[in-house]
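Participant: A single structure is presented below for examination.
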Amino acid sequence: MAYDDLRSFLDTLEKEGQLLRITDEVLPEPDLAAAANATGRIGENAPALHFDNVKGFTDARIAMNVHGSWANHALALGLPKNTPVKEQVEEFARRWDAFPVAPERREEAPWRENTQEGEDVDLFSVLPLFRLNDGDGGFYLDKAAVVSRDPEDRDDFGKQNVGTYRIQVIGTNRLAFHPAMHDVAQHLRKAEEKGEDLPIAITLGNDPVMAIVAGMPMAYDQSEYEMAGALRGAPAPIATAPLTGFDVPWGSEVVIEGVIESRKRRIEGPFGEFTGHYSGGRRMPVIRVERVSYRHEPVFESLYLGMPWNECDYLVGPNTCVPLLKQLRAEFPEVQAVNAMYTHGLMVIISTAKRYGGFAKAVGMRAMTTPHGLGYVAQVILVDEDVDPFNLPQVMWAMSAKVNPKDDVVVIPNLSVLELAPAAQPAGISSKMIIDATTPVAPDVRGNFSTPAKDLPETAEWAARLQRLIAARV
């Protein structure tokens, strides 16, 4: 099932028992964030949370942990809620192959129901803002899909970026913006080189697939809307934003339009990040908000970030695994699977066959130089093709049985990494590491690896038989 907006997805979550409505009065701080944080501590099938009785707010509707379980992630893709995570990743990869699917332009977007413009813009009157961690420097929009265009090629649909970035509210019509090292940063650099402001649209409360693709590491000229269509199995609905003329999701709850002011900076942060650590305050670009459009009684969606696991890890797990898999397979068809579930792919586990000795290390180095790897992928573990990278006991076995640190651990100094990586020194620069836990092949003949003790041929048949017998007994 393809969802056109957040509300229809929340309805499905409720029908599937994956939405918990909390009607008792709660405090905006610390209750909202603490409740969302708690979902990551009660198991892999925790529900989304909906609050409609928040002290100090009039008529607020707040949704959290919308993608925060494998059950919810499966439902977002239109799969049964009990679909195992590895099958979700495999289905994600199959749908990727349908890319591109052209979007469907629609009129009468629901977010056109209400408007604030110019001096009347007051974000505090529209959004029920609260801090997510007690050390945050202010209020954040952290689950927005931000739309920008390449100033040198404004009409190229593929170069129109839709991405998730952290945004601090610093005034009624001012935002501090952290572009990280992604596509919007390139757009901003090009605009500032010309001395121009960069138009921008910030969309809040989007359909569940749009939220997934906005955090997906895609090539610069690949359209997130066309990828959303592939994942949905139907064209993604878009509409034209009235001020910028940008293509924005048709079903958003709120659309904020304005400009990133050229060469202006303000202190942004600190903010508790997906790394499980705060990133300190830095001078960041400033957005001047010129128009806000929003639905009647908008649902404000927010994303808790902190020590894993939490919603962020479910949201950006599969959508990081699959692009890396596709990019690596384009050059190394021997690659079998990629597990990039951990901290948005700062660590990656790759299973691969080998053409010859040293081949696995080459795959690891290529992973570090993919579009996503340049800013993330700081540690790569390589395992044989018969080791499941999603099965951590198998991975630990491969590392313990096959790794000789002298020959199988490679450390490469002074490579790029995103500034938010807490281990970077200085910010944006880090050593990176490859651990080759594969079995050596000629001409690499190190070690004493006899014929491996593999599963008996009948094991898979017996596993299925035992599962049937157990199910029948229950």
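Any Cβ shown, glycine's included, is placed from N, Cα and C.
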Participant: Given that Swiss-Prot annotates HIS182, GLU224 as binding Mn(2+), state which candidate in ASN133, ASN161, ASN206 belongs to that site as well.
Facilitator: ASN161
Participant: Measuring Cα to Cα, how far is MET181 (prenylated FMN binding site) from GLU273 (active site, proton donor) in Å?
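Facilitator: Rounded to the nearest whole number, the Cα-Cα distance is 15 Å.
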Participant: Other than ASN161, HIS182, GLU224, which residues of the same chain sit close to Mn(2+)? List them in sequence order, counting a residue when its Cβ is within 8 Å of the Cβ centroid of the site.
Facilitator: VAL146, SER148, VAL162, GLY163, ASP183, VAL184, ALA214, MET218
Participant: Applying a 10 Å Cβ distance cut-off over all chains shown, what neighbour count does THR164 (prenylated FMN binding site) have?
Facilitator: 24
Participant: Closest of the recorded positions to GLU224 (Mn(2+) binding site), Cα to Cα, picking from VAL162, GLY163, TYR165, ARG166, GLU273?
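Facilitator: Closest candidate to GLU224 (Mn(2+) binding site), judged by Cα separation, is VAL162.
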